[in-house]
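A.B. asks: Starting off with a structure, shown below.
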Amino acid sequence: MSARIGAISESATLAVDAKAKALKAAGRPVIGFGAGEPDFPTPDYIVEAAVEACRNPKYHRYTPAGGLPELKAAIAAKTLRDSGYEVEASQVLVTNGGKQAIYEAFAAILDPGDEVIVPAPYWTTYPESIRLAGGVPVDVVADETTGYRVSVEQLEAARTERTKVVLFVSPSNPTGSVYSEADAKAIGEWAAEHGLWVLTDEIYEHLVYGEAKFTSLPVLVPALRDKCIIVNGVAKTYAMTGWRVGWVIAPQDVIKAATNLQSHATSNVSNVAQVAALAAVSGNLDAVAEMRKAFDRRRQTMVKMLNEIDGVFCPTPEGAFYAYPSVKELLGKEIRGKRPQSSVELAALILDEVEVAVVPGEAFGTPGYLRLSYALGDEDLVEGVSRIQKLLAEAKA
């Protein structure tokens, strides 16, 4: 067994989701808050485009490894429309979902030992992708007192002569935090000042609520353009997690290197999925607006219910579809004869006792928290959090 591959952990979020689905298939009334996956079907016009593509013989064959030219052009146009960032189709690589985009982006720019500053809490895939690419993730931790947002001062304290990249994610998975325009600009200017690469994940760009606003970092800080990599995809915006279409936007030399890698790893993304993605990014955002309205309603319900639990504090997320409550005050307390000492143990207790699946903060680099997705039906959401409320109300010193 390769030591490098053997050291990689499985996706904790997918593991929790798989366990919940297995229990449900066995007849258990499990409610799963583990998956970051919209509960809506993919819009019909996207599905119909895929059906037509299935019948078109030209999509039965190999196509360019870097993506269908028409999809790359549409992604460039969509990027200008949605964020104001102007790029050429030659700066786009179409990938098998956002995970491949992230790995290939890091692989294209990292040499062994290069450091990547990773704000925590972070999505589980980031540090593992960095390690696979030969880099070293360096955590910079923010907590609920700052809304899980790191400061320039924290980033500067983590910077060394080996630092090559800073990761920037807004809206965030797992916390739902969104950086203000001023704070995002300050981080971008700091990165530009020190000649760092920035990898920014914009997968949740359309899922922001209230007064929060999505802003694309290279638009705020044009000086970053030559050292900025954007990863994005159709999964979250268009309820297309299973279609597996993401993309990288980067300087052309990065795209060429990443495309070469992909040509040997997977070749082109499924043509049918690419045609579906073309319909998605070329269409209007009406379906997205409806989904966002539902997520916003669920967000408010979940946060209110979580904050009614003694020992739980949940900042209000401003984007994505996750709540990230602190449960540190509950650790060590007795609950149904057990004293969970970690959020891993507490999450296991919640699943065992009330059949609700949540993801522990250890998966995101910050023990003492739980991540709950509110991308599920309203009734299931209320029932699931109610079960958690009743269980945790039994906590005693």
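Backbone N, Cα and C define each Cβ position, glycine as well.
The feature L-aspartate binding site is assigned by Swiss-Prot to Gly36, Trp123, Asn173, Arg371. Under the heading N6-(pyridoxal phosphate)lysine, Swiss-Prot lists Lys236.
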A.B. asks: Using DSSP and collapsing to three states, where does Arg371 (L-aspartate binding site) fall: helix, strand or coil?
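C.D. replies: Once the DSSP labels are grouped into three classes, Arg371 (L-aspartate binding site) ends up as strand.
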A.B. asks: For the recorded positions Lys236, Arg371, which one has the sparsest Cβ surroundings, going by other Cβ atoms within 10 Å?
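C.D. replies: Each of the recorded positions Lys236, Arg371 was scored; lowest Cβ tally within 10 Å is Lys236.
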A.B. asks: CA-CA, which of the binding-site residues Gly36, Trp123, Asn173, Arg371 lies nearest Lys236 (N6-(pyridoxal phosphate)lysine)?
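C.D. replies: The answer is Gly36.
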A.B. asks: Once near-sequence residues are set aside, which residues in the chain of Trp123 (L-aspartate binding site), 6 or more away, have Cβ atoms under 8 Å from its Cβ?
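C.D. replies: For Trp123 (L-aspartate binding site), the qualifying residues are Val169, Asn173, Pro174, Asp201, Phe364.
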A.B. asks: Can you list the residues of the same chain, besides Gly36, Trp123, Asn173, Arg371, whose Cβ falls within 8 Å of the L-aspartate site's Cβ centroid?
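C.D. replies: Other same-chain residues with Cβ inside the cutoff are Thr13, Thr124, Ser172, Pro174, Ala320, Tyr322, Val359, Phe364, Ser373.
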A.B. asks: Where does Asn173 (L-aspartate binding site) sit in DSSP terms: helix, strand, or coil?
C.D. replies: coil
A.B. asks: Please state how far apart, in Å and to a whole number, the two most distant Cα atoms are among Gly36, Trp123, Asn173, Arg371, the recorded L-aspartate-binding residues.
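C.D. replies: If we measure all Cα pairs in Gly36, Trp123, Asn173, Arg371, the largest is 11 Å.
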A.B. asks: In sequence order, which residues at least six apart in the same chain have a CB under 8 Å from the CB of Gly36 (L-aspartate binding site)?
C.D. replies: Thr13, Asn173, Lys236, Thr241, Ala320, Phe321, Tyr322, Ser373, Ala375
A.B. asks: Within 10 Å of the Cβ of Asn173 (L-aspartate binding site), how many other Cβ atoms are there?
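C.D. replies: Cβ-Cβ neighbours of Asn173 (L-aspartate binding site) within 10 Å number 27.
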